[in-house]
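See below for the structure under consideration.
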Amino acid sequence: MDFSNMSILHYLANIVDILVVWFVIYKVIMLIRGTKAVQLLKGIFIIIAVKLLSGFFGLQTVEWITDQMLTWGFLAIIIIFQPELRRALETLGRGNIFTRYGSRIEREQHHLIESIEKSTQYMAKRRIGALISVARDTGMDDYIETGIPLNAKISSQLLINIFIPNTPLHDGAVIIKGNEIASAASYLPLSDSPFLSKELGTRHRAALGISEVTDSITIVVSEETGGISLTKGGELFRDVSEEELHKILLKELVTVTAKKPSIFSKWKGGKSE
């Protein structure tokens, strides 16, 4: 008997075991992220922490109470989240549980692009000045804090209303984080580039400035000409057309590829043939 091969197989089995558990936990977190179940999980973790501490310090009464809470709590979870559990099982049966999160993110990204395009085209035609910065991997919390926090679901109507002249939020930048308008009337750093045309105003200088220190995508609508400009990576792209803007936003902001058929759907398709 070759014990070396057995030990290698045992080692590989352990790796696969860990990867499968990690994958399942990751998918569960992705499924419940942004739902009320997240708050419930936080509460469960707190109870578990209290139980461990009470056991360590010998607090028998507290430990007994936490044991009862955990024992009956899981039953309560099944009852409270029965609709969510049913939907999750139905999703598993349809074979798209592993693509649900990616599809949702992709829809949000396309909604973001559509909202930016509609609002900028509307404002450009009416020469309403605007400055919209979309945060990506580099954190922009310092700049968000300089403005008025909104944390509002993004829409073209809301973006337009923010930049209507003589309204409290029109002066400054809108910063988008994720699929939300994080803040309005935020201050962005101005670029010191000597190559920036002097005919460009503060909005363009701020758009270029933020692109020099973050990986954000920033869109500017000129109130003088109605032209739409875009900055990224320390570069300024002036007077971009509607088609050019769409191509750039699609390339830079959509990170999820088109949904592919899952193993389950392939299996079902093969069985039906």
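Each residue's number is its place along the chain shown, starting with 1.
Backbone N, Cα and C atoms are what each Cβ position is placed from, and that goes for glycine too.
Here Swiss-Prot flags 12-32 (among others) as transmembrane segment, drawing on sequence analysis.
Annotation source Swiss-Prot lists transmembrane segment at 37-57 (among others).
Outside the transmembrane segment (61-81), and at least 6 residues removed from its termini, the chain residues within Cβ reach (under 8 Å) are 37, 40, 44, 47-48, 50-51, 54-55. Sequence annotations record features per position, and here Swiss-Prot assigns transmembrane segment to 61-81 (among others) based on sequence analysis.
What Swiss-Prot records for 82-242 is domain 'DAC'.
Taken from Swiss-Prot, the feature ATP binding site covers Asp171, Leu188, Gly201, Thr202, Arg203, His204, Ser222, Glu223, Glu224. Long-range Cβ contacts of Ser222 (ATP binding site) within its own chain (separation 6+, distance under 8 Å): Arg127, Gly129, Gly201, Arg203, His204, Ile228, Ser229.
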Diameter of the ATP binding set by C-alpha atoms, the set being Asp171, Leu188, Gly201, Thr202, Arg203, His204, Ser222, Glu223, Glu224, in angstrom: 20
Neighbourhood of Asp171 (ATP binding site), C-beta criterion under 8 angstroms, separation at least six: Ala185
Tertiary neighbours of Glu224 (ATP binding site) (same chain, Cβ under 8 Å, six or more apart): Arg127, Gly201
Assigned conformation of Arg203 (ATP binding site) - DSSP reduced to three states: helix
Fewest other Cβ within 10 angstroms of its own Cβ, chosen from the binding-site residues Gly201, Arg203: Gly201
